[in-house]
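Colleague: A single structure is presented below for examination.
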There are 2 protein chains.
Amino acid sequence: MSDLLPVLRVLGALLGMFALSLSVPLAASLWAGELLWHGWVLAIAVTLGVAALLWWGLREHRRELLPRHGVLLVSLVWLVTPFFAALPLLLVMDAIGRPMSFTHAYFEAVSGLTTTGSTVLSQLDELPLSVNMWRTFMQWIGGMGILILAVAILPVLGVGGSQLFKAEAAGPVKDTKLTPRMTETAKGLWGVYVLFSLACALAFWAGGMGPPDAIMHMFATVSLGGLSPHDASFGYFSSPLLESIALVFMLAASCNFALYFVAIRKGHWQGFWRDEEVRATLATLIGGGLLVALLLWLKGLYEPLQALRLGMFHVVSVATTTGFATTDYLAWPVFAPVFMLLLSGVATSAGSTGGGIKMVRMLILLKQARREMTRTVHPRAVQPVRLGSRVVESRMVFSVLAFMLMYGATVITLSMVLLLTDLDMVTAFSVVLASVHCTGPGLGLVGPASNYAVLSDFQLWVCTLGMLLGRLEILSFMALLTPAFWRR
Amino acid sequence: MSDLLPVLRVLGALLGMFALSLSVPLAASLWAGELLWHGWVLAIAVTLGVAALLWWGLREHRRELLPRHGVLLVSLVWLVTPFFAALPLLLVMDAIGRPMSFTHAYFEAVSGLTTTGSTVLSQLDELPLSVNMWRTFMQWIGGMGILILAVAILPVLGVGGSQLFKAEAAGPVKDTKLTPRMTETAKGLWGVYVLFSLACALAFWAGGMGPPDAIMHMFATVSLGGLSPHDASFGYFSSPLLESIALVFMLAASCNFALYFVAIRKGHWQGFWRDEEVRATLATLIGGGLLVALLLWLKGLYEPLQALRLGMFHVVSVATTTGFATTDYLAWPVFAPVFMLLLSGVATSAGSTGGGIKMVRMLILLKQARREMTRTVHPRAVQPVRLGSRVVESRMVFSVLAFMLMYGATVITLSMVLLLTDLDMVTAFSVVLASVHCTGPGLGLVGPASNYAVLSDFQLWVCTLGMLLGRLEILSFMALLTPAFWRR
Ligand SMILES: [K+]
Ligand SMILES: [K+]
């Protein structure tokens with residue numbers, strides 16, 4: 001056990017950095033002339049205090065981290081940060097006379113940091129700017145965390161075949177040990193993320209949003225989070241131009257950021273467009289959008305252009321696990337919302353800020369299945385599974401298989417637990433899928449026009465667990481539960 | 001293409017045998033003094049005629065069958081036999097003034113032969129004895145077909161890791177080619193099946209059923225089919241004794257028949273009780289029954305004993321893919337019916353007459369997943385996956401993986417097609433699961449107190465396809481769709 005103390009020390013360092021990010025809502029608070037700015041200051045002070053305590057208190061436990069430490073670190077970071085993210089919500093909401101329970105605040109924080117974008121709050125338009133800024137900014141921070149997780153940590157740990165995600169293109173990730181340098185390796189990706197963020201905020205501003213809205217919606221868009229500062233979500237703007245801008249950035253953010261980095265560095269985009277996963281992701285999103293648009297038109301709900309606008313925006317929004325809405329799509333033919341929710345399980349690339357199982361895993365499984373079918377007929381015809389120009393080794397396929405199984409088991413187990421609380425079937429299964437995929441809006445009681453406050457505290461904790469498991473790609477968390485982990 | 005003609009010739013032979021089975025309802029018709037017996041004679045004549053035409057017409061195409069022929073033969077048998085099974089239903093139901101559409105008759109035949117046990121008929125108690133005898137007897141014939149399929153054909157074709165199902169115990173299956181001798185190899189299993197059938201019918205009779213009821217319910221029990229000649233299903237009898245007898249035989253029939261055969265031949269049952277799959281199957285069924293009984297009691301629905309009686313009977317009935325009911329369990333807390341339907345996907349053994357993905361595949365996947373989790377923490381600790389005393393090779397695991405993926409894809413695709421017809425989500429997904437698992441009763445509109453006549457013709461065809469795909473273990477059918485199959 002004692003060799004896990006260095007992990008706590010690193011956690012302290014990360015908490016320190018996290019405390020600094022609270023200066024963003026503090027700045028918003030001061031800029032807007034809110035009277036409740038001291039809530040933010042107090043939260044910063046507490047977080048910095050705990051961080052310092054861990055960092056200095058454990059200064060004798062400075063050591064290089066091993067893979068098994070990584071498993072613990074990642075799980076701890078995602079469990080502990082939401083406490084400190086929830087703290088200012090508790091303080092500030094209390095100050096404005098709309099106190100939140102700890103369950104609600106922790107849920108909101110996990111929802112933000114995992115970029116799920118579910119909310120238990122209503123009357124969003126009347127919240128202080130600093131609160132909305134923090135709600136949306138949490139997604140942006142979470143997005144940065146996800147990029148390290150997906151590109152620097154999970155591959156090192158070998159979670160669910162994620163070694164593959166380094167792909168041919170991803171030059172920057174070469175370390176095989178967990179060292180503080182892993183932060184360095186993620187800098188290239190963060191560069192792309194920041195670039196996208198600037199471009200997106202400027203585009204929203206140029207498209208007609210005020211600066212605070214442009215910034216907050218940028219946070220929600222490039223992180224594929226979808227938390228909005230408006231009750232009407234993206235429908236607040238009623239603007240085809242702004243919807244198109246969001247559409248483009250959601251599509252862009254659903255691709256592997258490592259490919260952008262390499263393309264920019266090399267100065268050409270051949271590798272990007274040749275990447276099988278990117279092509280499959282974009283084809284699925286756009287093809288799905290056209291299909292739903294066609295359905296909406298054929299069923300006589302909208303004129304062709306309106307059907308295209310609404311179908312494309314909502315399919316891309318939900319399937320990229322963003323979750324913006326401009327209308328209550330649960331009123332559409334039942335095929336559409338179910339289709340969108342299922343797509344959100346597969347239609348983002350590894351190395352993006354999206355949730356779900358990721359397109360690359362789906363591709364590997366489909367190729368493996370096709371190979372098996374051929375072998376049923378021609379037992380001797382054994383071709384290896386390929387991804388791009390590389391042969392996918394058996395152990396990669398096994399990792400992906402194990403991942404899928406644990407993913408399925410998680411979804412079914414959490415849904416069954418919700419059924420035990422007598423929640424209806426549609427809400428139970430959809431709320432779990434929407435949480436584990438980090439999508440946000442579900443079906444039934446938790447559709448895009450509703451919010452998660454309709455759920456009981458216990459049900460919210462189940463969703464919170466679902467969001468965390470989904471974001472941690474399940475296995476890294478499950479590994480903690482194996483006896484082998486605690487043996488040395 | 002022309003080398004597939006020998007397949008049609010074997011199909012002719014099988015149809016000839018199938019025609020003889022129609023003598024059972026004919027005998028029931030004569031025994032009951034029904035005036036409509038000539039419908040059965042006509043059906044026998046037509047079936048024999050077609051069989052003779054194929055057998056003699058293709059007599060120059062007598063050849064040993066290869067694995068690829070097997071794929072085609074199996075698919076053809078399960079597509080073509082229901083036509084000839086539906087024919088007498090059309091003739092006889094028309095004669096009594098309750099004409100069936102072809103869609104309904106074919107659905108009923110597929111439901112019987114696949115041992116799914118869904119029905120589109122109502123007022124069952126008023127049907128001629130011969131019709132009910134045929135409906136239930138189809139399941140028993142189907143059960144025989146499934147035993148050959150599972151133990152002699154699928155393993156040779158290597159469908160979804162089914163080579164494993166030969167297991168340590170299954171001595172009788174050693175051929176690696178498809179020859180007429182495969183019929184011989186299945187004789188031992190049929191022996192067990194016939195023995196069980198005799199014991200079950202005698203037990204039902206001794207327990208208080210009249211001879212026709214005892215025979216028909218035996219057909220529905222040992223085949224795990226669950227089609228009943230009574231509108232009230234097994235609730236018609238209101239007898240704890242008969243329910244217990246059914247319970248024992250459903251549990252027994254959910255185990256691998258090859259294990260019984262070996263145990264009887266060797267004279268000891270060590271191999272049976274040591275078999276991991278049998279233990280897991282029985283533990284799942286009994287544990288599931290206790291869990292639901294506990295839930296029913298805790299929620300205050302029944303007294304403890306009544307909760308145990310109802311919980312155990314329905315969990316075993318649904319989870320073994322039988323589908324008998326004595327009460328409308330959709331009125332129970334929502335957890336129970338969903339849990340039972342999901343269990344029906346895994347809680348039967350390979351080499352039984354049950355449906356679903358089979359427990360052995362689940363075991364292999366769980367073990368593989370556990371192994372991967374350990375490897376996340378200890379990259380060098382690589383232990384092979386074992387089933388009993390045998391090491392499971394990688395290619396077996398891959399087969400199982402491909403199978404699971406195709407199974408999942410089938411369920412989702414068929415459900416989405418049903419959603420396109422604006423069927424509600426609960427009914428759509430449950431009806432597909434109940435069909436593909438060959439369970440029978442679903443949730444929503446197609447619960448145990450309802451029947452499949454509420455569905456439209458198109459929706460029934462989707463279910464029919466689901467039952468056939470589920471019973472053929474999907475891959476054997478999918479293989480027909482690959483270009484590789486049609487290349488030589
Ligand atoms: K989201
Ligand atoms: K059944």
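Each Cβ is built from the backbone N, Cα and C atoms, and glycine gets one as well.
Okay, these came from TrEMBL:
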- A:7-31: transmembrane segment (TRANSMEM)
- A:37-58: transmembrane segment (TRANSMEM)
- A:70-93: transmembrane segment (TRANSMEM)
- A:THR115, A:THR116, A:LEU224, A:GLY225, A:THR321, A:THR322: K(+) binding site (BINDING)
- A:137-157: transmembrane segment (TRANSMEM)
- A:188-208: transmembrane segment (TRANSMEM)
- A:244-263: transmembrane segment (TRANSMEM)
- A:278-298: transmembrane segment (TRANSMEM)
- A:338-366: transmembrane segment (TRANSMEM)
- A:396-420: transmembrane segment (TRANSMEM)
- A:426-446: transmembrane segment (TRANSMEM)
- A:458-486: transmembrane segment (TRANSMEM)
Colleague: Could you name the residues, excluding A:THR115, A:THR116, A:LEU224, A:GLY225, A:THR321, A:THR322, of the same chain that surround the K(+) site, i.e. Cβ within 8 Å of the Cβ centre of those residues, in sequence order?
Modeller: A:GLY117, A:GLN139, A:ALA220, A:SER223, A:GLY226, A:THR320, A:GLY323, A:THR353, A:GLY354, A:GLY355, A:CYS438, A:THR439, A:GLY440
Colleague: Can you tell me which of A:188-208, A:278-298, A:396-420 gets the most C-beta pairs within less than 8 Å of the transmembrane segment (A:244-263)?
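Modeller: Checked against A:188-208, A:278-298, A:396-420; highest Cβ contact count belongs to A:188-208.
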Colleague: Who sits close to A:THR115 (K(+) binding site): which same-chain residues at least 6 apart have their Cβ under 8 Å from its Cβ?
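Modeller: Listed in sequence order, they are A:GLN139, A:GLY142, A:GLY143, A:ILE146, A:SER223, A:LEU224, A:GLY225, A:GLY226, A:THR321, A:THR353, A:GLY355, A:CYS438, A:ARG471.
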Colleague: Are there any residues at least 6 positions away along the chain from A:THR322 (K(+) binding site) with a Cβ closer than 8 Å to its Cβ? List them or say none.
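Modeller: Spatial neighbours, sequence-distant, of A:THR322 (K(+) binding site): A:GLY117, A:ALA220, A:THR221, A:LEU224, A:GLY225, A:GLY226, A:MET250, A:VAL316, A:THR439, A:GLY440.
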Colleague: When DSSP is mapped onto helix/strand/coil, what comes out for A:LEU224 (K(+) binding site)?
Modeller: coil
Colleague: These are the binding-site residues: A:THR116, A:THR321. Which one scores highest on other Cβ atoms within 10 Å?
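Modeller: Result of the Cβ crowding comparison: A:THR116.
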Colleague: Would you mind listing the long-range same-chain contacts of the transmembrane segment (A:426-446), meaning Cβ under 8 Å and 6+ residues beyond its ends?
Modeller: 111, 114-118, 225-227, 318, 321-323, 325, 330, 337-338, 341-342, 344-345, 354-356, 407, 410-411, 414-415, 418-419, 452, 454-455, 459, 462-464, 466-467, 469-471
